[in-house]
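Peer 1: Handing you this structure, nothing more for now.
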Amino acid sequence: MSGGIFILSGAGLSAESGLKTFRAEDGLWEDHRVEDVATPEAFARDPELVQRFYNMRRTQAAKAEPNAAHQALARLQAEYDGTVYLVTQNVDDLLERAGAQKVIHMHGALKDAMCAACGHRWPAPMEMHVTDPCPACGTAATRPDIVWFGEIPYHMDAIQTALEDSDLFVAIGTSGVVYPAAGFGQMAQQLGIRTVELNLEASGARFDEVHEGPASRIVPAWVTDVLASQNT
Ligand code: APR
């Protein structure tokens, strides 16, 4: 049995499915400043603006199709002779729709709604409003189940365990500037795990191996190599 493979993905994985990455050159995110739409303070100040922003992202994500990189990662999870941990910062469900069986969404998911009052979660309708009552406690404090800036990412214990169970760490399509995910590569190195980056352009962080190019090309090629080498 091979050791686990820990894959950390970011917005670059879904870019070729038509979903914009975050750090565009103008510093704006779909014409909004991040602090106006992706912080608890923004939600407290103007909840309907935040809901409209995520309603738009939810609609875009629902229309998007998985690309060859999502499909290759689902194939790796199915065919690799060991555990493939798919940890993503992405809030879309394109890995699942490509056939991945288990995906750890550390920044939440567009498909889920959450009650800001009691923490109950339920499947989000395409159009959400802050006045929607919580099905569990009835409070009108509905928010997207998304980890905003200043909030604590989900599944950190499971992520630590997955890293310790792995002997290969692969970062795909992430700029590596948002913590804690940005520190996973360094944690892997401290654990003696080999590190690989697959990105359109190298992020500049230290990796043992870097492949540059669009995810839809370099991820399937890398997966084919990994699966071929386990059979030799
Ligand atoms: N193929 C591969 N990589 C790509 C592609 C592509 N087609 N297009 C862009 N990239 C790379 C960019 O070079 C960049 O390194 O994807 C990365 C995207 O970086 P960001 O936009 O910063 O996205 P990400 O790293 O996922 O952001 C992390 O920040 O805003 C928050 O919570 C949000 O989860 C997000 C987190």
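Quick reminder: no glycine exception, Cβ is built from N, Cα and C everywhere.
Residues or ranges marked as domain 'Deacetylase sirtuin-type' by TrEMBL: 1-232. The annotation NAD(+) binding site is assigned in TrEMBL to 10-29, 89-92, 173-175, Ala215. The annotation substrate binding site is assigned in TrEMBL to Tyr54, Arg57. The feature active site, proton acceptor is assigned by TrEMBL to His107. The Zn(2+) binding site annotation in TrEMBL covers Cys115, Cys118, Cys134, Cys137.
Burial and contacts for the listed features, if you can.
Peer 2: A sphere of 10 angstroms centred on the C-beta of Gly18 (NAD(+) binding site) encloses 12 other C-beta atoms. In the three-state DSSP classification, Gly18 (NAD(+) binding site) falls within coil.
A 10 Å cutoff on Cβ-Cβ distances gives Arg57 (substrate binding site) a total of 20 other Cβ atoms nearby, all chains included.
Packing around His107 (active site, proton acceptor) is summarised by its Cβ count: 19 other Cβ atoms lie within 10 angstroms of its Cβ, all protein chains included.
Listed in sequence order, the residues of the same chain lying 6 or more apart from Cys134 (Zn(2+) binding site) and placing their CB within less than 8 Å of its CB are Cys115, Ala117, Cys118, His120, Ala140, Ala141, Thr142. Reduced to three states, the DSSP call for Cys134 (Zn(2+) binding site) is coil.
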Peer 1: Return the single residue from the binding-site residues list (Ser14, Gln89) that has the minimum number of other CB atoms within 10 Å.
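Peer 2: Lowest Cβ count within 10 Å among the binding-site residues (Ser14, Gln89) is Gln89.
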Peer 1: Out of Tyr54, Arg57, His107, Cys137, which of these recorded positions is nearest Gly173 (NAD(+) binding site) by C-alpha distance?
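Peer 2: Answer for the nearest of the recorded positions: His107.
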Peer 1: Can you tell which of the recorded positions Tyr54, Arg57, His107, Cys137 lies nearest to Ser14 (NAD(+) binding site) in space, using Cα positions?
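Peer 2: Checked the recorded positions Tyr54, Arg57, His107, Cys137; minimum Cα distance to Ser14 (NAD(+) binding site) goes to Arg57.
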Peer 1: Checking the binding-site residues Ser14, Gly18, Arg57, Cys115, Cys118, Cys134: which ones have Cβ within under 6 Å of ligand 1?
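Peer 2: By the Cβ criterion, which requires under 6 Å to ligand 1, there are no hits.
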Peer 1: Apart from Cys115, Cys118, Cys134, Cys137, which residues in this chain have a Cβ no more than 8 Å from the mean position of the Cβ atoms of those residues at the Zn(2+) site?
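Peer 2: Output for this site, in sequence order: Ala116, Ala117, Gly119, His120, Pro135, Ala136, Gly138, Thr139, Ala141.
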